[in-house]
Amino acid sequence: MRTPSLSLALSVLSLLVLGSGHYAAGLELNGTSSGKGEPSSGDHSAGGLVVSEVSTISEMPSGSELSTGDYDYSEEYDNEPQISGYIVDDSVRVEQVIKPKENKTEGEKSSEKPKRKKKGGKGGKGRRNRKKKKNPCAAKFQNFCIHGECRYIENLEVVTCHCHQDYFGERCGEKTMKTQKKDDSDLSKIALAAIIVFVSAVSVAAIGIITAVLLRKRFFREYEEAEERRRLRQENGTAHAIA
């Protein structure tokens with residue numbers, strides 16, 4: 001009695017191991033039945049009929065599960081697109097990744113959405129230029145010029161001061177003394193006027209002297225001529241009287 005019970009237990013155990021192996025192989029190889037093992041013939045003893053009956057009964061649920069599992073996975077793999085790939089190892093298969101195609105409805109919805117304006121457009125550049133071209137006289141150099149107006153030259157990027165009247169310097173902090181200039185100018189004018197008057201007086205005196213000398217010479221000649229005529233007349237009168 002012990003030998004048939006031991007053989008029955010061994011056969012059931014072997015069937016369970018074979019069924020689990022077949023199920024795992026079916027999951028890995030996508031429903032291909034490779035290496036299915038048939039149950040061993042076992043012992044041709046008197047208890048062989050009982051073993052075969054028990055094996056058929058125990059095989060039914062495992063076989064149905066295997067068939068349903070193979071059918072489900074085969075349908076799933078049939079529905080999937082055929083993607084080219086390469087096998088690194090017997091147990092690992094590397095396949096390429098393909099981006100899923102967008103539906104037409106999604107594309108239409110995306111096209112219907114209003115286009116947003118880019119921030120880096122003309123408006124953005126204008127704002128940047130405005131920020132760059134901000135006048136530093138209004139903020140940083142507000143109190144730079146003491147007695148003048150701050151002016152920013154964009155081409156040279158230099159801040160200068162336009163000084164008020166009578167002020168000069170980098171920050172218009174120095175003032176010119178008008179009183180000293182007036183005194184100097186008055187003195188110079190007085191000196192110039194005096195020189196002009198002196199020169200004019202000298203010139204007038206010289207002209208007067210020259211004219212006086214010329215007139216004297218002229219009158220002296222005329223006087224001498226008149227005197228000579230008078231003498232000649234007197235001499236002629238005396239001569240006629242003697243004769």
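Note that Cβ sites are derived from N, Cα and C of the backbone, with glycine treated the same way.
Taken from Swiss-Prot, the feature signal peptide covers 1-24.
The compositional bias 'Polar residues' annotation in Swiss-Prot covers 55-67.
If you look up Swiss-Prot, you'll see 55-75 (among others) marked as region 'Disordered'.
Annotated region 'Disordered' per Swiss-Prot: 98-135 (among others), in sequence order.
Per Swiss-Prot, the feature compositional bias 'Basic and acidic residues' maps to 98-113.
Among the features that Swiss-Prot reports, compositional bias 'Basic residues' is placed at 114-135.
Taking H, G and I as helix, E and B as strand and the rest as coil, DSSP gives the domain 'EGF-like' (133-173) the counts 3 helix, 14 strand, 24 coil. The annotation domain 'EGF-like' is assigned in Swiss-Prot to 133-173.
Around CYS137 (disulfide bond), the C-beta neighbours below 8 angstroms that are at least 6 residues distant in the chain are PHE144, CYS150, ARG151, TYR152, VAL159. Taken from Swiss-Prot, the feature disulfide bond applies to CYS137-CYS150 (among others).
The feature disulfide bond is assigned by Swiss-Prot to CYS145-CYS161 (among others), with sequence analysis given as support. The C-beta environment of CYS161 (disulfide bond), restricted to residues of the same chain at least 6 apart in sequence and closer than 8 Å, consists of PHE144, CYS145, GLY148, GLU149, CYS150, ARG151, GLU170, ARG171, CYS172.
Annotation source Swiss-Prot lists disulfide bond at CYS163-CYS172 (among others), citing sequence analysis. For CYS163 (disulfide bond), the same-chain residues lying six or more positions away in sequence with a CB closer than 8 A to its CB are CYS145, HIS147, GLY148, GLY169, CYS172.
Look at Swiss-Prot and you will find 190-213 tagged as transmembrane segment.
The average per-residue pLDDT of the prediction over the domain 'EGF-like' (133-173) is 87, rounded to a whole number. For the disulfide-bonded residues given as CYS145, CYS150, the lowest number of other CB atoms within 10 Å of the residue's CB is seen at CYS150.
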